[in-house]
Amino acid sequence: MGRSWGFLVGLLGAAWLLRSGDGGQQGPETAAQRCFCQVSGYLDDCTCDVETIDRFNNYRLFPRLQKLLESDYFRYYKVNLKRPCPFWNDINQCGRRDCAVKPCHSDEVPDGIKSASYKYSEEANLIEECEQAERLGAVDESLSEETQKAVLQWTKHDDSSDSFCEVDDIQSPDAEYVDLLLNPERYTGYKGPDAWKIWNVIYEENCFKPQTIKRPLTPLASGQGKSEENTFYSWLEGLCVEKRAFYRLISGLHASINVHLSARYLLKETWLEKKWGHNVTEFQQRFDGILTEGEGPRRLKNLYFLYLIELRALSKVLPFFERPDFQLFTGNKVQDAENKMLLLEILHDIKSFPLHFDENSFFAGDKKEAHKLKEDFRLHFRNISRIMDCVGCFKCRLWGKLQTQGLGTALKILFSEKLIANMPESGPSYEFYLTRQEIVSLFNAFGRISTSVRELENFRNLLQNIH
Ligand SMILES: *[C@@H]1O[C@H](CO)[C@@H](O)[C@H](O)[C@H]1NC(C)=O
Ligand SMILES: *[C@@H]1O[C@H](CO)[C@@H](O)[C@H](O)[C@H]1NC(C)=O
């Protein structure tokens, strides 16, 4: 860790000098180079390169992941979009049609999804019995010995201490199923001050950043300059690797959302039809190295960083999905079995990725300090999941909540001590547990990032034709 870290700081420093030193004197760069030339080779804080990710994602993973996400199990997500914003109350409900989310009629959602998951097997019935017992409170004498043992294990998976997100109460009457395929993440027109405010609060108050240090190119702040950019990045580089990672995950999420909005831009609207597609200008405004004073390529690198974190979580959680009693339960036995096979295929493929992120470098120092840091990290992240209830545009709120829950689930997997201590490759433990909501959000969130990486290739090609 120490070695690679020092090496990376050196590399970053060199890149910085190069970039700020002779910016204008190189030959004219093409539009594609201005977004992508720094987005290649090795990524900071890990030993993986962009090209390996591109190949792996775009040709192997992406097509099959899309297929999986179209299945009934993954397309229905239950969400409460009516939770009040806990931080301020002047939310501008933008009232745009493209922001609307159409919830499902209850008869659209398969019964198997609406009832509990885990069916089809003895063991599953046992678990259900345990769940019930757990709800009733204590371990009852009348339960069989086997059940009691399972209940004891089960109660251990009260994982509030593992959870990185404030999750919706999905039993609430306000929570509704949403068909994600019918409500795709795309351009809604939600931008400007309202959207800035959300991101600003996220970055300013929840990324470990002291107020005195200004983030470069903050639309709501004035008087920005090179020196502020310098201060910001030397502050960031001075942080411990975990806090820097936190910032990079948020920045990566932000970048991914903006890639989507640029790739599914509302290009044309008549009363007959709407046409959505790539808007290269919009992409450049967010990612071009010159137009964004160097911020764009950094954002794209953070997107890859986020990709690696979620990829690593998926490879690590494989044993949980391999449990024989685990089902992607919708009630359609044949379909469910096929989906599970596809899911495992994808996860095995992910596991075979050669350059996984090494999360063991996180929270690795002094035990007490590491514990406190992890707790800090968790609280900040939970806060961000609450901020999502303040997003004025419902479509954006839906995808914001889903993606933060997905990333939160990935972090829960990466840092769960239960998983670390109790999940040897062969015998998965019953103490670790994911709810259907967590599973759906985890895979859909990763599906978004995977789509963004795929879209970068499209933009690279489109930019090739522009100077
Ligand atoms: C949570 O977010 C609110 C609103 O931005 C902020 O006032 C508060 O300090 C944050 N708490 C933490 C632990 O980050
Ligand atoms: C593409 O985005 C730019 C910048 O946001 C905008 O001005 C332009 O109208 C968009 N183009 C189309 C075809 O919508």
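Each Cβ is built from the backbone N, Cα and C atoms, and glycine gets one as well.
Sequence annotations record features per position, and here TrEMBL assigns active site, nucleophile to Cys393. Cβ neighbour count for Cys393 (active site, nucleophile) (all protein chains, 10 Å cutoff from its Cβ): 26.
A helical conformation is recorded for Cys396 (active site) in the three-state DSSP classification. Around the Cβ of Cys396 (active site), the number of neighbouring Cβ atoms within 10 Å comes to 23. Per TrEMBL, active site is recorded for Cys396.
Around Thr188 (FAD binding site), taking its Cβ as the centre, 21 other Cβ atoms fall within 10 Å, counting all chains. Feature annotation from TrEMBL assigns FAD binding site to Arg186, Thr188, Trp199, Ser251, His254, Arg286.
Taken from TrEMBL, the feature disulfide bond applies to Cys94-Cys99 (among others). In sequence order, Thr188, Gly189, Tyr190, Gly392, Cys393, Phe394, Lys395, Cys396 make up the list of same-chain residues 6 or more apart from Cys99 (disulfide bond) whose Cβ falls under 8 Å from its Cβ. Taken residue by residue with DSSP, Cys99 (disulfide bond) is part of a helix.
Residues or ranges marked as disulfide bond by TrEMBL: Cys393-Cys396 (among others).
Residues or ranges marked as signal peptide by TrEMBL: 1-23.
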Distance-selected recorded positions near ligand 2 (C-beta under 6 Å), from Cys99, Arg186, Thr188, His254, Arg286, Cys393: none
Cα-Cα distance, maximum over Arg186, Thr188, Trp199, Ser251, His254, Arg286, record's FAD binders, Å: 20
Where Thr188 (FAD binding site) falls in three-state DSSP terms: coil
Intrachain C-beta neighbours of His254 (FAD binding site), sequence separation six or more, cut-off 8 angstroms: Trp199, Arg299
Residues that sit under 8 angstroms from Arg186 (FAD binding site) by C-beta distance, when 6+ apart in the chain: Asp98, His260, Leu261, Arg264, Tyr265, Leu266, Trp276
Neighbour tally for Trp199 (FAD binding site), based on other Cβ positions within 10 Å of its Cβ: 19
Count of other CB atoms lying within 10 Å of the CB belonging to Ser251 (FAD binding site): 24
Intrachain C-beta neighbours of Arg286 (FAD binding site), sequence separation six or more, cut-off 8 angstroms: Ala255, Asn258, Ser262, Thr292, Gly296, Arg299
